[in-house]
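Quick look at what TrEMBL lists:
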- 681-701: compositional bias 'Basic and acidic residues' (COMPBIAS)
- 677-701: region 'Disordered' (REGION)
- 48-68: transmembrane segment (TRANSMEM)
- 75-94: transmembrane segment (TRANSMEM)
- 114-133: transmembrane segment (TRANSMEM)
- 154-174: transmembrane segment (TRANSMEM)
- 194-217: transmembrane segment (TRANSMEM)
- 273-291: transmembrane segment (TRANSMEM)
- 322-342: transmembrane segment (TRANSMEM)
- 354-374: transmembrane segment (TRANSMEM)
- 610-631: transmembrane segment (TRANSMEM)
- 643-664: transmembrane segment (TRANSMEM)
């Protein structure tokens with residue numbers, strides 16, 4: 001049965017792919033955050049394990065291709081590995097339930113190794129499942145078409161890619177929202193079980209949909225273990241060539257022709273086609289090395305930016321949704337508008353030229369990322385080294401104050417109710433300071449611990465001059481766009497302070513609270529109780545990634561006066577600046593990835609489609625391993641420099657690939673196979689016995 005000229009069965013395959021990709025990308029969207037905030041790993045370990053997992057997901061397709069092509073066939077392989085996959089997703093969801101080991105009921109798991117072990121088992125099962133079915137699903141879809149349906153098949157690969165990205169888009173929007181919910185039996189936490197549980201449910205749906213279409217599929221029978229035959233053929237050719245290396249043996253056209261003593265011409269011709277394409281694949285992993293950093297480095301880059309979007313709630317990981325949104329727009333635009341335009345201009349835009357352009361664009365995207373990173377670095381706070389101290393002055397009095405750092409280390413004037421930024425001093429040289437305010441002067445000797453930030457609160461009380469040191473326990477910029485807030489009581493009476501849902505407790509006069517964490521981009525109500533009088537105030541918008549000391553100056557009926565002293569400035573580079581790098585990378589992906597899948601299919605002999613699909617996916621695995629190697633080997637302390645390094649590496653690889661592509665000649669596997677069929681028919685007519693003997697020899701092989 002067909003619909004709009006397409007076999008009806010492909011609609012089941014596309015829905016199945018949509019659900020499976022939702023499941024995979026949904027889980028992957030919160031994976032780095034799960035490692036970092038639930039398993040408490042640092043940035044580098046989280047990035048490394050993330051890329052190891054992705055690499056594993058793209059290594060297992062080889063296994064899937066062998067199983068499908070030589071043993072179970074594509075249909076049974078997809079079904080059986082989908083079951084493994086669903087179990088893996090379920091284990092992952094269980095691993096993230098903190099009540100599993102939270103005996104003390106304090107909201108954090110007591111036995112982290114149990115969670116690590118479970119999540120690793122889950123991830124290995126997922127990698128086996130997703131990887132094993134990957135080369136089979138797209139090739140199984142391609143099998144549903146007749147030989148004369150080239151145009152429809154080509155369109156199918158584009159629709160297939162769209163369904164991947166539609167699943168990816170929805171899951172990268174929905175899963176972070178699910179994670180942000182609060183859930184738990186004993187204490188409310190970020191809801192990872194829900195964020196991993198929904199993908200697990202969708203994987204089960206995907207499996208059911210795929211089995212439902214069973215009656216309509218064209219199921220090609222597995223044609224023997226092709227990979228083993230190809231490997232043996234190559235091995236024999238090399239061995240035979242080595243044996244006949246002396247001058248007296250005539251040269252052969254191609255080194256694989258040395259296998260002709262033992263293997264038939266058809267297998268040799270097919271192996272030549274596959275090797276030609278695999279040789280072209282050698283430079284491609286570099287593209288994926290850059291592309292897959294969207295989920296790690298670029299996600300972490302976004303956490304240091306201003307995420308104040310009107311459309312998106314702050315906890316939607318906007319940057320991960322930009323790519324699939326753009327893909328859904330760009331695939332049809334490129335297919336229907338850009339390619340026909342290029343054709344009209346009489347430019348022959350071959351698949352390999354498209355891939356070259358894709359690599360160049362990805363390199364450009366990383367230059368854009370580096371430029372954004374340079375701007376971000378300008379806004380990052382500087383923290384003191386071990387032998388330094390940072391001092392900031394807050395003047396809490398109504399008179400101006402002047403502070404002199406001795407011996408001869410400079411002086412600073414602070415207006416009434418004003419504050420300074422942090423000043424850096426060599427701790428060993430700083431001995432004393434002289435504070436003058438109004439008509440009073442005070443000398444203070446200083447002994448500060450190195451490597452810390454301090455605030456000096458100064459107040460001329462009319463009766464005496466108060467000088468008080470406060471230790472600022474902030475050692476890094478708040479993550480995930482959160483803000484740090486503390487209060488300083490500048491009233492003569494003790495007060496009780498609450499902001500939003502968070503209580504800061506009782507503060508004595510001229511004392512400060514601890515810093516507390518608040519989500520970015522919000523305005524919270526501040527409640528101060530002083531001698532049974534309650535004063536209310538709504539905080540100003542504090543942006544993302546800032547730290548403030550809020551000074552309480554006045555609390556009388558209906559009036560609460562506060563001043564904000566900025567300890568760490570909020571992220572000022574807006575997340576929208578990431579859109580150009582995502583846009584360029586998406587254009588790169590459209591011309592690179594869609595073309596690559598189609599090119600692999602069109603250049604592969606009929607019995608080696610899944611082998612070449614697996615080869616294509618293997619380039620993704622190698623790309624992720626390159627990230628681990630380059631990031632580990634390059635001792636670059638600056639993130640922008642690492643981006644430039646990756647861009648330069650890809651540009652170099654792009655030039656090499658362009659040269660290789662120039663010398664590649666396209667083949668039509670069907671035509672070549674038809675020639676062999678013709679030859680065999682003629683052979684049978686001439687000598688039926690010879691053909692029977694050959695068939696027996698083949699089956700013994």
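The chain as shown is numbered from 1 upward.
Note: Cβ is positioned from N, Cα and C throughout, glycine not excepted.
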*Between the stretches 75-94, 114-133, 154-174, 273-291, 643-664, which wins on the count of C-beta pairs under 8 angstroms to the transmembrane segment (610-631)?*
273-291
*Contact call for the transmembrane segment (48-68) and the transmembrane segment (114-133): at least 3 Cβ pairs under 8 Å, seq gap 6+*: yes
*For the transmembrane segment (322-342), find every same-chain residue at least 6 residues outside the stretch whose CB is under 8 Å from a CB in it, and list them.*
25, 155, 158, 161-162, 165-166, 168-169, 172, 294, 349, 578-579, 582-583, 585-587, 589-591, 594
*Among the recorded stretches 114-133, 154-174, 354-374, 643-664, which has the greatest number of Cβ pairs closer than 8 Å to the transmembrane segment (194-217)?*
154-174
